[in-house]
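Participant: Could you have a look at this structure, given as structure tokens, before my questions?
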Amino acid sequence: MLRMRVPALLVLLFCFRGRAGPSPHFLQQPEDLVVLLGEEARLPCALGAYWGLVQWTKSGLALGGQRDLPGWSRYWISGNAANGQHDLHIRPVELEDEASYECQATQAGLRSRPAQLHVLVPPEAPQVLGGPSVSLVAGVPANLTCRSRGDARPTPELLWFRDGVLLDGATFHQTLLKEGTPGSVESTLTLTPFSHDDGATFVCRARSQALPTGRDTAITLSLQYPPEVTLSASPHTVQEGEKVIFLCQATAQPPVTGYRWAKGGSPVLGARGPRLEVVADASFLTEPVSCEVSNAVGSANRSTALDVLFGPILQAKPEPVSVDVGEDASFSCAWRGNPLPRVTWTRRGGAQVLGSGATLRLPSVGPEDAGDYVCRAEAGLSGLRGGAAEARLTVNAPPVVTALHSAPAFLRGPARLQCLVFASPAPDAVVWSWDEGFLEAGSQGRFLVETFPAPESRGGLGPGLISVLHISGTQESDFSRSFNCSARNRLGEGGAQASLGRRDLLPTVRIVAGVAAATTTLLMVITGVALCCWRHSKASASFSEQKNLMRIPGSSDGSSSRGPEEEETGSREDRGPIVHTDHSDLVLEEEGTLETKDPTNGYYKVRGVSVSLSLGEAPGGGLFLPPPSPLGPPGTPTFYDFNPHLGMVPPCRLYRARAGYLTTPHPRAFTSYIKPTSFGPPDLAPGTPPFPYAAFPTPSHPRLQTHV
């Protein structure tokens, strides 16, 4: 029943309203509005079925119902009131106009929804601190600060541009400068400028909703930067010994004030300016050349190393190695060069390559491996010299003993035996031994041992020693026995035998006697010929007429014996005249004899000799005897053949010799002129002459003796 009554009531109500007319209502209500400061704001309002009073309120304050809104000079209402149009206009809009506005139909009790009026204030052009030209130092971090001041609404956004390109926002940040003043903001751009940033343009733009295009402020960077250096070398690849020119170029703000050159960190003395000329060597490969350029801001340097081609240079030489027999040995050496050298190992004096590389290994060495090993480096480029270094391998082994040649010795004279010892390690002792004894050092009876270093060592066998065994007063047994020289060290013992050779005195004495006899004979022949010729020239007339004898008697005491040739005598008248010479030591006395005077005043003893000189006597009698007999036995060659020399004597009319030469008074007349060579005082057996082979028979008659 109740459900049926409700629709009926609604129908009746609708019919009643239709007869009374439409009620007042809003055809258009104001909406929120954003207006730039200084522009016009329009808030629309339209009512339907209302012909009463319409007014606007500002944040609840009624502005009035008249169209021109008295008291609000910048406000007015426009539109056809009959049509219900009541729009509110504000021009120019100011910041104080920002409020909430409502359109009200007072008599109908209608109020529109509130409309918020927002007044936008465009930002002013920002300011960059230090602009329009900002001076910075290249390489030093710096900040660019941009500020926007004023009552800009909303708060502006500050953006940075470089050469028209927006920079990343991560490089700057924005700060509100004053609370309640949204327009006062600041933006800081952090950057590290470089030399290429000199003259660059940076733009700070303040942008907001009030001014979407924003306002810009531009600045220019003026950079001070240390020198930027470029170092070049010409040529860059050279051979050792060639010239190289380094050129150091730099750009700087402010200008360059100085250059400094260095090589391997050490200053190059005398180098100034941007150009350096050098002669390349191997050190330029590992020691770069650097150029440092300075100005008021700072300094910068660049360095470069040359590609120097050079031959091998020894960096680590091989060290001597000493090992025992059977152990391994190794050598190592290091070379450098450009290009890298080829390293090989050989043995000194050999051509066989034992190995290559920096290390040579010799397994289980023996004594034959001892010696000098050569580490040789060959240049990797033709035209470059190689190099070599040596090291000695010493193989520790038992001593090596060698008997040295010893000179033969005379019986009962001194003798010496020597041996050479090489050993590594050095021998503990060197011992001489023979049948009945041994001696290491010092003396023992007739034996004396001396040991001293050898002048040279044999490669790889260790230092050398020479041990000498001296024997005084040799005996027959010394020439038949063996002498042993032995040496020992911690690895063993070595030895060698030496024997003593015997030397015969006779051949030497014979040679000396022959030479002395020949020399004496030659001198006497020359003297006789000279005397003959001289007398012949002085008394040729007298001697040609007379054939008397010139007789030289013995000494005044009459002790001299006369030979058969002296028995022929004559009267004083038969002998002819007495001849006196100025250059002879023979004086003819009144008795017809020649007296001998000592020309040496007694320094040499001249024994008296009686010689009969028969002038013109036929050969074969008196002074002229048969040719001398040889000094040796028949069938053996004589020491000196007198005949060839005496045959060369020119003929002398004084002697009228038919044989053509002067003979000796006795076959051994010249033996007394032989003077044996002294060989030292040997021990002689009792009753034995010192040199039995030099004791010649004494002639049976006196001989003329003098000193040669």
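Here, residue 1 is simply the first one shown, and the rest follow in order.
Backbone N, Cα and C define each Cβ position, glycine as well.
Marked as compositional bias 'Low complexity' by Swiss-Prot: 553-562. Marked as domain 'Ig-like C2-type 1' by Swiss-Prot: 24-118. Look at Swiss-Prot and you will find 123-222 tagged as domain 'Ig-like C2-type 2'. Sequence annotations record features per position, and here Swiss-Prot assigns domain 'Ig-like C2-type 3' to 227-307. Per Swiss-Prot, domain 'Ig-like C2-type 4' is recorded for 312-394. According to Swiss-Prot, the domain 'Ig-like C2-type 5' annotation covers 398-501. Positions annotated as N-linked glycosylation site by Swiss-Prot: Asn143, Asn301, Asn484. Annotation source Swiss-Prot lists phosphoserine at Ser571. Annotation source Swiss-Prot lists region 'Disordered' at 545-601, 684-708. For 1-20, the entry in Swiss-Prot reads signal peptide, with the evidence type experimental evidence. Summarising the annotation, Swiss-Prot assigns topological domain 'Extracellular' to 21-510 and lists sequence analysis as the type of evidence. According to Swiss-Prot, the feature topological domain 'Cytoplasmic' maps to 532-708. According to Swiss-Prot, the transmembrane segment annotation covers 511-531.
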Participant: Over the domain 'Ig-like C2-type 4' (312-394), what does the predicted model average in pLDDT?
Facilitator: 91
Participant: Please report the distance from the Cα of Asn301 (N-linked glycosylation site) to the Cα of Asn143 (N-linked glycosylation site), rounded to the nearest angstrom.
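Facilitator: Checking the Cα atoms of Asn301 (N-linked glycosylation site) and Asn143 (N-linked glycosylation site) gives a distance of 27 Å.
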Participant: Tell me, by DSSP, whether Asn301 (N-linked glycosylation site) is helix, strand or coil?
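Facilitator: DSSP call for Asn301 (N-linked glycosylation site): strand.
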Participant: Rank the glycosylation sites Asn143, Asn301, Asn484 by the number of other Cβ atoms within 10 Å of each Cβ, and give the residue at the low end.
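Facilitator: Fewest other Cβ atoms within 10 Å, among the glycosylation sites Asn143, Asn301, Asn484, is found for Asn143.
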Participant: How far is it from Asn484 (N-linked glycosylation site) to Asn143 (N-linked glycosylation site), counting Cα to Cα, in Å?
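Facilitator: Checking the Cα atoms of Asn484 (N-linked glycosylation site) and Asn143 (N-linked glycosylation site) gives a distance of 101 Å.
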